[in-house]
Amino acid sequence: MLDSAGAGTRHWTSQIAHLLHPRNLTLFRSTKEVNSQTGHLDGLRGVAAFIVFICHLAYSSHDVSIGWGYTGERQQETGNSYTQWLRLPIIRLVCDGDPAVAMFFLISGFALSWRPLKLAREQEWAKFARTLMGSTVKRWPRLFLPVLASTGFICLAVQLGLYDLTRGIAHDKTLLTVFQEPHPEAKANIFVMLGSWLHANWSLWEPFHWDRDAFLEYDIHLWTIPVELRASMGLFVTLLAVGGMKSNVRMAILAILIVVGCLKDNWAMMMFWAGALEAEIILSRQASSVPYHDVDKDSEPVQRSSTNSMFRGLILVLSLILMSEPFEPQDTYGWRALMPFIPSNFSEKRRFYTCIGSMICFHLLNSEPKVCAFFRSNFIQYLGRVSYGLYLVHGFIIHTFGYAMFSFVWRFTGVETAFAREIGFGIAAAVIIPCTLYVADVFHRGIDEPSVRLAKWIENQVIVAD
């Protein structure tokens, strides 16, 4: 019996060591062939996840959500001049989480719709129904099993006192001058913590409150996960309804639904439908055998192509500007003039132009071969592979190792001047970022990939075989 226990211990020790060893990182795996049609979207998802991470790393000590020319309440309180070049449109996209989240939802809508719509065009109705059933069954375990693991680990870390080590900086307004995220506290005992953890996760899972964001006590960044689940279910119902329709009718209905989503103040559903519409547009163009970027043949094809490229470039720049809508647009130079054009019942004003710009940008990116090639590059694809892990673990890393690193570095650089503060932030970030990617990679291999396999197994168990 002792030999058996010892063998089991050695096995698990070996597995953990293999999981943690740097040479086994996903980054160093031999890269599989990237899907030529949709592979760039994995890279785009990875870049979006990385931007969200950078936003959350910076926004406690930097007004990253405030745009250039802001004159609102915070400016009056602090007397700061919000005219730094990093706040300018387009430039500020590198650390603004809102456009990245909008892009998440567009990509999800596209990815979840691609195969069902393709099968519908081929009139493979049995496969179409089977795909929708499988997607519906898999969606919950695919999204929430990794969340259970990440939040469970956070609860354990909180109860063991790990969060107490950085509680001082978490509430220090001289260091985190802009925003202090909730820093979880230990409960009376592990059983109370377990009950709290289960209750908090139920607030994420239960699907019956479309009008409420769930801000989880242990990681407030996870509010997007229940939104993703509900919007996915709404999209599956939509695909079931429009799957048997003609392509042009399908596109028209999806376009109408996008407008309805906007008017009904459901921006997430609007983005999912927009992703589905983009998938239908691309499939339609593939079916017609017309390359996405072709122009009409005429006597001056080179000039026509150049003119078309310039026009598309201008539209792309415009879309990036719209994506740069700041947190308080009504108090920001230039943006306040656009406020009257937002539907009155669209409650989150800061997301309206962000969503519109993201839709346009997404459409254009899908048709630019050079841009798609960038998102298929090795490191960008790596970010795509670990993107869900990065999204789930970065909050924990920031609240523990991140805060400790900021406190340590700022102790040497000081925070008395803006220059010293930024030097300290940059040094700390240079250490925090690769460490977070390492943990995200471990989480991806140890939790996320097995969750995908388990979700697939559940699908095969509950759905009748063909």
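The backbone N, Cα and C atoms fix where each Cβ goes, glycine too.
Small disclaimer: the values here were computed from a predicted structure and weren't measured.
Per TrEMBL, these features apply:
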{"type": "DOMAIN", "residues": "41-438", "note": "domain 'Acyltransferase 3'"}
{"type": "TRANSMEM", "residues": "143-163", "note": "transmembrane segment"}
{"type": "TRANSMEM", "residues": "220-242", "note": "transmembrane segment"}
{"type": "TRANSMEM", "residues": "254-276", "note": "transmembrane segment"}
{"type": "TRANSMEM", "residues": "388-411", "note": "transmembrane segment"}
{"type": "TRANSMEM", "residues": "423-443", "note": "transmembrane segment"}
Interface-richest range of 220-242, 254-276, 388-411 toward the transmembrane segment (143-163), CB pairs under 8 Å: 388-411
Long-range neighbours of the transmembrane segment (423-443), counting only residues six or more past its ends (CB under 8 A): 19-20, 22, 25-27, 53, 57-58, 61-62, 146, 149-150, 386, 389-390, 392-394, 397-398, 401-402, 405-406, 408-410, 412-415
Local confidence of the prediction over the domain 'Acyltransferase 3' (41-438), expressed as mean pLDDT: 90
